[in-house]
Amino acid sequence: VCKLDGVCERETPNIKQSLIASYSTLLAPKVRDACMEITAVTERDSHLIGSHSCQQHTSSCSVDPSTWFYQFRILLQRGLKERKHESFNTLRVFQVITASILAGLMWWHSDYRDIQDRLGLLFFISIFWGVLPSFNAVFAFPQERAIFMKERASGMYTLSSYFMARIIGDLPMELILPTVFLIVTYWMAGLKPDLVAFLLTLVVLLGYVLVSQGLGLALGAVIMDAKQASTIVTVTMLAFVLTGGYYVHKVPACMAWIKYVSTTYYSYKLFVNVQYSQGNKISSLLGCSHHGSNRVSCKFIDQDIAGQISPQLSVGILLLMFVGYRLLAYLALRRIKG
């Protein structure tokens, strides 16, 4: 109820009709003219809108490559600016450097013949760089869900350009710290003093980090809830670690299948193969062809080094995991509607 010039609305029942008449006379023509104006759309904007409408309404339309690369470049620049402080923040750098120094001190100049100790170091590296990248990556898509849905709904970019920018932009962020870690730990621990062996170990480690990151991205994209996804990735990595081949050799039949989908299992076997190959050299060095005093070391040679899965097969499976986890993450993102 309003009052106009001290008169109540109830006493002036025709005020509504007066407002409608005034709007029709004064404002309606201006509003009509504004709605009828045609705004010029730039060629680039029309391509962006066209690509978005193609994605929503038809499956036969294709995106102009120049437009796709433009979107990719802008998203890549934005992602690098946003995540460089997160990836190289003081706490994370401190965490990695501290872990590398502690590992180097614990295994300081370990002896080549101390097989049990060295295998423990190699498995520690597998655990550390399996859990850390996957746990960090699992929050990527859930944290960006709101802005991702808003931008996708407005047709700012295609899903493929966003996803590739995210994947490519993470490479320098994810690979620098593992390299620093290995440089410190490898030479402090006195692992195989050979440049080729170091480079092979580095390649295996970086590939393993990317596979673990892909696992985290896939789980985060599928679940899209940070708390639930972090719980699932923790349980998954725990299962991978337990069946990784170091703690238990005779895995029960009902649990044995986990070993063959475990990223930790294949990376650990590759680390061992780089250091000891098939175990022929260390076996002859310790005299394991004879029954002597080194029965424990010889047992480690038989169970952890000799007769294991071939390096070529391990590399092939890790490559499949690298592609498969990211493909799963991409397909999961396609389910999200803006």
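Here the Cβ of each residue, glycine as well, is placed from N, Cα and C on the backbone.
What you see is a predicted model, and the numbers here were worked out from it, not measured in a lab.
According to TrEMBL, the features are:
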type	residues	note
DOMAIN	70-276	domain 'ABC-2 type transporter transmembrane'
TRANSMEM	91-109	transmembrane segment
TRANSMEM	121-142	transmembrane segment
TRANSMEM	163-189	transmembrane segment
TRANSMEM	195-222	transmembrane segment
TRANSMEM	229-248	transmembrane segment
TRANSMEM	313-333	transmembrane segment
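Of the ranges 163-189, 195-222, 229-248, the one with the most Cβ pairs under 8 Å to the transmembrane segment (313-333) is 195-222. Listed by sequence, the residues of this chain that lie at least six past the ends of the transmembrane segment (195-222) yet keep a Cβ under 8 A from its Cβ atoms are 125-126, 129-142, 170-171, 174-175, 178-179, 182, 186, 229, 232-233, 236, 263, 267, 270-271, 274-275, 315, 318, 321-322, 324-326, 328-330, 332-333.
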